[in-house]
Structure formats: C-alpha cells, structure tokens
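A.B. asks: Here it is, the structure, as structure tokens.
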C-alpha cells in the first residue's frame, strides 16, 4: 500500500484557522445583534409606555367630573370605545386628542382599568384589574402627585404593564386612575425580532465560514508553493531557489529568508567539498614524497650518506605533514565549537616584541629586515598562546611574500578604547580580487611560491578564526607591488579586568 506524503500544512490547520475566524466573527455578530436587540427592545418599551400614558389620559377624559365627584356610571358602556382608542393610540401615539375610531378586532380585555377616589376606595374596576397584584405604592404615589408605572402579573401569569396617575379637579387630587395593558403584543414583537436576528446571524456566520475557509486556502497557497520547491532541493542540487511572490508581505519575507538560508547552505556545502578536496590533495603530496624517498633509498646501494639524506627528507616532510594535521585539527575543533581559550590580561606590545625576536633568525636567513615600529603599552583580554600564534603567523606570511632586501614592520598602537596590531611589509602585494579570498582555507595567492615555501593556505584562515574568537577583527590593505598591511584590532581591557575584579568571560565558541 502506497503511503501518502504528509502535507506541510494539513487540512486541519486550515480548518483551525477557519474556526478561529468564525469564532471571532460570531463574537462580533452576537455583540452587534445583542446591541441591536436591546435598542429595539428599549424603543418598543418606550413607545409602549408612551401609548399607555396617552391611553390613561384618554380614559380620564371620559370621566365626568361634577362638583369634584367622578361619574363612573358610563365607563362600562364606553369600554368598547376605550378598546378602539387603545388600537388607535398604538398606531398614532402622537394624536391623543383625535376622536375615537371603532376597531372591531380589538377586544376590551386587552387592557384593564381601575378608578379610585381620594381615599383609595375603588369606584370602578374591570374584572381582570381586580386580580392584578398591585402594591400600595401604585396608589400612594399618584395621590401625592407622582405618577407610577410598573410591570405586574395577572392570574394567568401574563405580564401586564400598568400606568397610574392622579385625577385633578380645580388643582386638587380627587382620585387615581390605573390603566394596564398586557405585554403579549410587545413580547410577540420582540420574539419576532429575535427570530429574525437569529436567522440573519446564522446566514452571516455561514457566509463568514465559507469565506474564511476560502481566504485561508488562498493565504496558504504561496506557502504550499514554497514547500513544493523546498522538497525539490537536496544536498546534490542546492542551486534552486523559491520564486518570490509579487506581493511584498510576510510570505515574501519568508521566501527571501528561505533563499538566503539555501544560499548559505550551498556555500557551506561547496566550502566543505573544496575543503575535503584540498585537504586530500595536500595530505597526498607529502605522503607521495615520503614514499618516493623511501623507494629511492631502498633501491640504491647501501650508503650511509644516502640513507641520511633520505631520512632527513622524510623528517622534513613529516614535520610539514604534522603542521598541516595540527592546522586541520585546530580548524576542525573550531568548527565543532570545541576550541577553548583562557582569557587573561595580556600586554600586546610584549607579545609583539617576543614574536619579532623569535622570527629574527628566519628574517636574516631570507635577507629581510624585521623591525618594530611604535609599541604602545596595550593590555587586552585574550589567550596569550593564541595571540602569539596570530603574530607569528602574520610575520611568517609577511616574510614569505617579501623579497630579499625588503622590510617587515610590527607596531602596536592605541586608538581610543581599541588596540591595533599592525604588520606591514614591502612585499609583492595583493590584488583586490585576491583580498576577497585570502582568509579562505587552502587559498594561496601565488600557489607556486607558497608550495615552494612550505605553505598550505591555512595560516591566514587560522589567524582570522583566532582573532574572531577573541572578539577582534582583522583587515588587510594592499595593492599589487606595494606590499601589504594587516591590521588586527582588539578592545582594550578595562581596569576591573586588569585587576581581576568582577571579570568574567565565557569560553569562546565559533558562531
């Protein structure tokens, strides 16, 4: 059974993103729907209360007041007209003084009326009104000139909105009128609004979900293209690059970073292949020389002088081979981040003077003047053994590429909080093209000259590595035929570091 290749972005991630979109959208839709519902509810309730108040005033006008007394004998006969009034006021709340219009489909039982005198004695009440549980405040407040409104329940558990106000004759309160109306119609309207909102929200969320799923699929499309290209890249073919999208967005940045990473990997693989090839070639040469000398010595007559010459040649080649192996081992340790440095305050000018003294015999042998320039007292934090190795490597390189009668000068100078080690020669110089590669491993500007002088092209690579490990920088200034100037820069040691107070540096590692 063929296994299906796993996708970089499985459908579940798209579904999760869609669900997040729906969740956020649902929250916003529900908040908006709730706010809309509350606004509609408040508006309907306000209109309902306004209509109820106007209805109460209309009923009060139906009462005949004579000599401060209310005539309620005709209220029962006017109930049908009051019901018609209720229907009219519901649809025309701002026109309370219009004449009654008969509406046969409105039942007087939709509202309730009760009339009380100034002593809170009931003068008239509809049957349903007597069953409403009204508290004493509904009578007390109007008798003291304050209208009262509230919501109560009838015997059937229906909500009834009640408005109570005073009856006034010649600036005197002579009674209270209470009018109530069932909230069934209002609740039905609110329920209808709620159902409509639920339907609209459901449709909106469905559309939002479909759009979110489509947009998420569209958003992941460039990443799928990137993943498809990435699967085509391997160690044998690192020249492919991810095509950059037109839009300069996050996917564009991701593609750029991915291409940069592939470029670094390509350079690293190429560097590794070249390193292995160069190392194999350099190791093969001394081994071939040793084998050739051994064969020649064994094929000749047994003469002590010839054996001695052969052994001296073998010894010289083994020393060169040993130096090469040590250099390769140092580079390998640095690549594996296993090279450790012992930091301590070191006088860079003292190390430069010692290096000049050590290289003086070699300079005399090659008839090159080796001198010291300005040696300022500069203390840096570093590994003394590695620092002297740096200076010796630079001097050895300068002596190799300086002709007889030339001059090599070493100086140590201080610039603000930096110490500079400067090694200048009057040698053959370096072209601009060669300056870009001189710190690469196994690179030799003049292969024939380097090989004749026993060089492998690793000296400056090790110098650059050791300088970087000790938080310094190395640069070169040179022109063909005008010599070369190598500048090594280190930060000066602080007073606390030189006295050993509060000094702490981590072990150096290769980044």
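Counting begins at 1 with the first residue displayed.
Each Cβ is built from the backbone N, Cα and C atoms, and glycine gets one as well.
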A.B. asks: For which of the residue intervals 193-215, 216-238, 239-261 does TrEMBL record transmembrane segment?
C.D. replies: 193-215
A.B. asks: Transmembrane segment per TrEMBL sits at which of 20-40, 41-61?
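C.D. replies: In TrEMBL, residues 20-40 carry the label transmembrane segment.
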A.B. asks: Do any residues, 6 or more residues outside the transmembrane segment (193-215), come within under 8 Å Cβ-to-Cβ of it, and if so which ones?
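C.D. replies: The answer is 14-15, 17-18, 21-22, 25-26, 29-30, 33, 36-37, 40-41.
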A.B. asks: Express the predicted model's confidence over the domain 'HAMP' (217-270) as a mean pLDDT, rounded to an integer.
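C.D. replies: Looking only at the domain 'HAMP' (217-270), pLDDT averages out to 78.
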A.B. asks: Using Cβ atoms and a strict cutoff of less than 8 Å, what residues sit near the transmembrane segment (20-40) while being 6 or more residues removed from its termini?
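C.D. replies: Those are 190, 193-194, 197, 200-201, 204-205, 208-209, 212, 215-216, in sequence order.
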A.B. asks: Pull the DSSP breakdown for the domain 'HAMP' (217-270) and write it out as helix, strand, coil residue counts.
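C.D. replies: The domain 'HAMP' (217-270) comes out at 37 helix, 2 strand, 15 coil.
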